[in-house]
Each structure stands twice: as C-alpha cells, then as structure tokens.
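Participant: The structure follows.
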C-alpha cells in the first residue's frame, strides 16, 4: 500500500463561496487527515462510557455500602453527592477531552505548569490496571470452573477442605434437630477460594509470596490477551466490542434479578437492603461513604473519560451524555443491589442465619458468598456461569478504558514516533503490565492485591482531581472554560455547574481527602495484619502520584526564561497550540495558533457543506466578539 501523504504536503481546501475570482489560491484553512482516529459509530462513545463506569464496584460495593449506611436512606446522600460532586466533575473531564482532542498528558497544554497532574494520573491508572486484570483472571478461573455438572465448591470432602468445612445441607439438617455453631465452621466455597484458588496457606504473609500458581498465571495471560486484542486498533476496535460488553451485563443482571426475587426468602434480603434508617443521615460517615461511592463508581480522575471524549467530534453533545451515563450508573447500582440481596435473603433462610451474617462486600461477595448461594439453586452451574460471565464483561470494558488511557496519553506525547506503531506499543504496555502482575499470581498474591487496591487509587487520586478542578477554574479561568464549552456545544454551562466547579466539588473532595487521612486504618486481609514496611510501601505508592505535580512544575519552570515569577506566569498560561485540534473548529484567539496553520481569517466556515452559516458558526462569531472585547479591556 502507498504510504500516506504527510499532513504538511496537503494543500488547504477553501470553500468556494469564500474565494473571490481574483484569489482562487486564497487560504482559509487546512484540514488534515484524522490520523489520531475517532469513534466510528454514533453509540461507540456513549456505550464505552457506560461500560467504563458500570463495573465490578456496582455489583460488589454499592449494595453492601447501602445496607451498612442506612439502607434506603443511603440513597438521599448518594444522589445529593452525585449532583454536587459526580455530575459536574464528569462533565468537566468530558469537556476538556473533547475540546482539545488530547489525552491525559497532552491536555495539560491548558497550563503546562501542572503537567505533573497528567503524569500522576498515568501512574495511578497503571497501578490499577495491574491488579484490576488480576481480578478479571479470578473471574475467568471461576467461569471455567462453572463448566461442570457439579460445582467444585458445592461440597466438602475435597483435598483442599479441612475438618472445619461444613456443607449447607448439613447446616439445614442440623437446624431441624439441634443448633449448629457456625462461628467455628467454614463454608466449602470459602475454602475453595482461599485454599484452592489462592492456595494462600502456602504463604506466611506479604513478604513470603510463595510459588506462582500456574493456573492463575494462565488466566492472567488470557485476560491480558483478550484486552490486547480488543484495544489492538484503539477506539476503532474497542468501540465495537463495547456494544456487547456494555449491554450484555444488563441482560444477565435482569435474569439474575428475576430469578432472585422469585426465590423463597428473597423479600427478607431486599427488606434488609432497602429498609430506611434515617437516623444514619445525621452521621458524617454516611455522607462521606456516599461521596466515595460516587467518586470511584464514575471513574473520575482516572483519565478514562477524558480519553474517550478526546475521540469525539468537536460538537458531540456531551452535556446530554453526562446525564445519561451518570444516572444510568446510579440506577444500575440500585438494580444490582436487588439482584444480590434477593439471593442473599434466600441464602440466609436456607442456612437459618440473619442476612447480615452472609452479606459481604468486594471479593468476599463475588468469590465466596454468591458462589455459595448458587449451589443452593437448581441448575447451579448455569446460574454460576451467568454470574461470572456478567462480572467478566463488567470488568473488561473498564480495563479497556485503563489501557486506552495509558496508550493514548503516551502516543499523544510522541505522535510522530508512536502513532504509526500504536498496535506494537499497546503490546509492549500489555506485556510489561502482565510481567509486573505476576506477583499477584503467587500464593501470597492476594496480600499484594489488597495493598494495591487500598493505596494505588486512594488519596493520590483525590489530589489529582482536586488539582484539576482548581487549575481549570482558577488558573485557566472559569470564564474562559465556559467560553470553550460554548464554542463546542452552543451554550454556556449554567449557574449549577459553575457553582459546583468553583466551590462545592473542590470543597467536597477536600473533605473526602481530610476524612481519608484522619480515619486512616492499616490494611488487613481477614485476620492478617500487614507489616510496617508494607504500609510504608503502600503510602509511597499514593504519595508518588502526588509528587508528580511538583516535579512537573519544576520541569516546566526550568523550560521558561526570565525571573522565577515570570517563568511561573509563562508556564501557567496555555500553550500556543492549545485549543481545538482542527483549524475549522478554531475561532477568536484560537485561530492560526496551530503549528503550520495557514489561516489568516478569524472564522472557519463550511459553506459548501452547510449551504449557509450554521448555529455553531453564529456561536463562533459571538465568541470572537467577546474575545476581542476582553482583549481590549485587558490592554486598557
């Protein structure tokens, strides 16, 4: 195939109506081939965002957080925090990405002094991607284990079981004759998870990882292979995969919900899940928990939203998409709670114990409690396969976002070298992260996973989001940011968004950060307490992402000239080429600032395409007038 024509050799195309007969060679602008790539379908972006936000946390964290923080009353602070903190920051990230068409590193042309924020984001996402794919590997392990007539965690009597193992059938029979002391027993599913899947008895702690579990290693290799094949062609391939991975979980969730609510004792679990305890609303802990759930569930700060939006067309209606995704994510979490707690209610009735004794969060729910509940149902392998297939699809599209964020960020920094080799570069990243994740496949790998989960995206992520919010509103300027959104969407954000960006969202996240520091608790896994060196290592993981910010500042200041204060001022201003990536979308101060731009005119219009001035062009004209007035005021 012939090599593509370099962008610099392409002659600008001028709409006929703007060219006078005496100036047929007049330059109105140039439009280069979109070598960065864009979404190829109308729903690619929306489904990718839904798939990214709706992940494992919706199934294994939200229901548990709800019932421990006031049941149905938890929905009050949940939706308030969604309005104050979730929706505004979500919209801000999408706006930054779509306006600039740049990844999480290059987007800091908005204020090069703070490029370290982007570096911190990439560090956080890389650490999360390592352990998140290990969770997908566990899901694959259980998925394959479900392809049998009898689930392997259904009964005791296997080589990995101990004398403490007690089958639920025995428990049920025991309840009819004499009470069984459950505190000194272990379920078959719990021993299958800890003694067979993890083989954690082969490790004495985090400092003694033990041998590699080759079955887990192969599952991890498979999960990385799946991820690589799906992101091979960037958003062109992952944008098609999400049509399945973002929608199919809803089908399975509805099937599990219908099956769950038809079980005997289901109402007992649902009642436990939703019974409102309004006295909890007086506790600050409940509000903090609601904000944390919103913060992590929507995935703000990880760069995934910004990356996805950067592949949009310039006038994509991200305002509408913001409400669709954020509200859809909240409704999914609530529905998942019904599906989970209806089954837990049935399980508690079968075992003859209260619901709060079987309810757990995180991996304990996904790999111990729910699999045990599946063994009590007819056709248990079928329901188990469906459940783990749902977890697989929920996890994969979140992992796609993490990988696309890393690859896009680096290729946008070195477009001439890496963009033509994006597939090879993606392979290098996947292999590197797979090798770093091998320690998670050892007998003590769960200890490392807990450490990564607790510290990689803790206070470091909050610092990144708070800094982003403050830089955009105060350094770059709220007025300028609203004007950029006006240029994209045709309207400016209302008082609600401006109030949240200026005050409410940063204040809420600062409260979260302070709460996390004040209420700090050392990591633990079951009865195991992590040693001091492991705690220090975890804290350093969080601090390192924060240190990227001052490090980036030092580099940016050293690249400028003048006194220290002059350097800081110059580095904090937007770069010369900051703005929309295509010349046709630039107006006012952004015109002619692209490298190699040949446009002498202040406004790019596509008369041939539209046959007249469009609403966006009217907006551009208004923005130009505003910018000219502002420039005159600043000169005066």
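Here the Cβ of each residue, glycine as well, is placed from N, Cα and C on the backbone.
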Participant: Which of these ranges is annotated transmembrane segment in TrEMBL: 117-144, 145-172?
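Facilitator: My reading of TrEMBL: the transmembrane segment range is 117-144.
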Participant: Among 45-63, 178-196, indicate the range for which TrEMBL gives the feature transmembrane segment.
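Facilitator: From TrEMBL, the annotated transmembrane segment range turns out to be 45-63.
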Participant: I'm validating the feature mapping. Which of 538-558, 559-579, 580-600, 601-621 is tagged transmembrane segment in TrEMBL?
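Facilitator: The listed stretch tagged transmembrane segment in TrEMBL is 538-558.
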Participant: Among the residue ranges 205-222, 223-240, 241-258, I'd like the one that TrEMBL describes as transmembrane segment.
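Facilitator: That would be 241-258, the stretch labelled transmembrane segment in TrEMBL.
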Participant: To which of the residue ranges 268-289, 290-311 does TrEMBL assign the term transmembrane segment?
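Facilitator: Per TrEMBL, the stretch marked transmembrane segment is 290-311.
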Participant: How about the transmembrane segment (241-258) with the transmembrane segment (45-63) - do they touch, taking at least 3 C-beta pairs under 8 Å (6 or more apart in sequence) as contact?
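Facilitator: Contact between the transmembrane segment (45-63) and the transmembrane segment (241-258): present, because at least 3 Cβ pairs are under 8 Å.
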Participant: Between residue 329 (Na(+) binding site) and residue 156 (disulfide bond), find the distance joining the two CA atoms and give it rounded to the nearest Å.
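Facilitator: Per the Cα atoms, residue 329 (Na(+) binding site) and residue 156 (disulfide bond) stand 39 Å apart.
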Participant: What same-chain residues, at least 6 away in sequence, bring their CB to under 8 Å of the CB of residue 397 (Na(+) binding site)?
Facilitator: 48, 51, 52, 55, 238, 241, 242, 245, 246
Participant: What's the CA to CA span in angstrom from residue 156 (disulfide bond) over to residue 398 (Na(+) binding site)?
Facilitator: 36
Participant: Checking distant contacts: for the transmembrane segment (290-311), what same-chain residues at least six beyond its ends satisfy Cβ-Cβ under 8 A?
Facilitator: 36-39, 45, 48-49, 52-53, 55, 57-58, 61-62, 65, 69, 74, 77-78, 80-82, 85-86, 89-90, 93-98, 100-104, 107, 118, 121-122, 124-125, 128, 235, 318, 325-326, 329, 333, 398, 401-402, 404-405, 408-409, 457, 461-462, 464-465, 468, 508-509, 511-512
Participant: Taking contact to mean three or more C-beta pairs under 8 angstroms, with sequence separation of 6 or more, is the transmembrane segment (538-558) in contact with the transmembrane segment (455-476)?
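Facilitator: Answer yes: the transmembrane segment (538-558) meets the transmembrane segment (455-476) with 3 or more Cβ pairs below 8 Å.
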Participant: May I ask which of the stretches 117-144, 323-347, 423-449 has the most CB pairs under 8 A with the transmembrane segment (455-476)?
Facilitator: 117-144
Participant: Where else in the chain does the transmembrane segment (382-402) make close Cβ contacts, counting only residues six or more beyond its ends and a cut-off under 8 Å?
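Facilitator: Tertiary neighbours of the transmembrane segment (382-402) are 48, 51-52, 54-56, 58-59, 125, 128-129, 132-133, 135-136, 139-140, 142-143, 146-147, 151, 223, 226-227, 230-231, 238, 241-242, 244-246, 248-249, 252-253, 255-256, 259, 299, 302, 304, 307-308, 366, 370-371, 374.
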Participant: Can you give me the same-chain residues 6 or more apart in sequence from residue 54 (Na(+) binding site) with a CB-CB distance under 8 Å?
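Facilitator: Long-range Cβ contacts: 246, 249, 328, 329, 332, 394.
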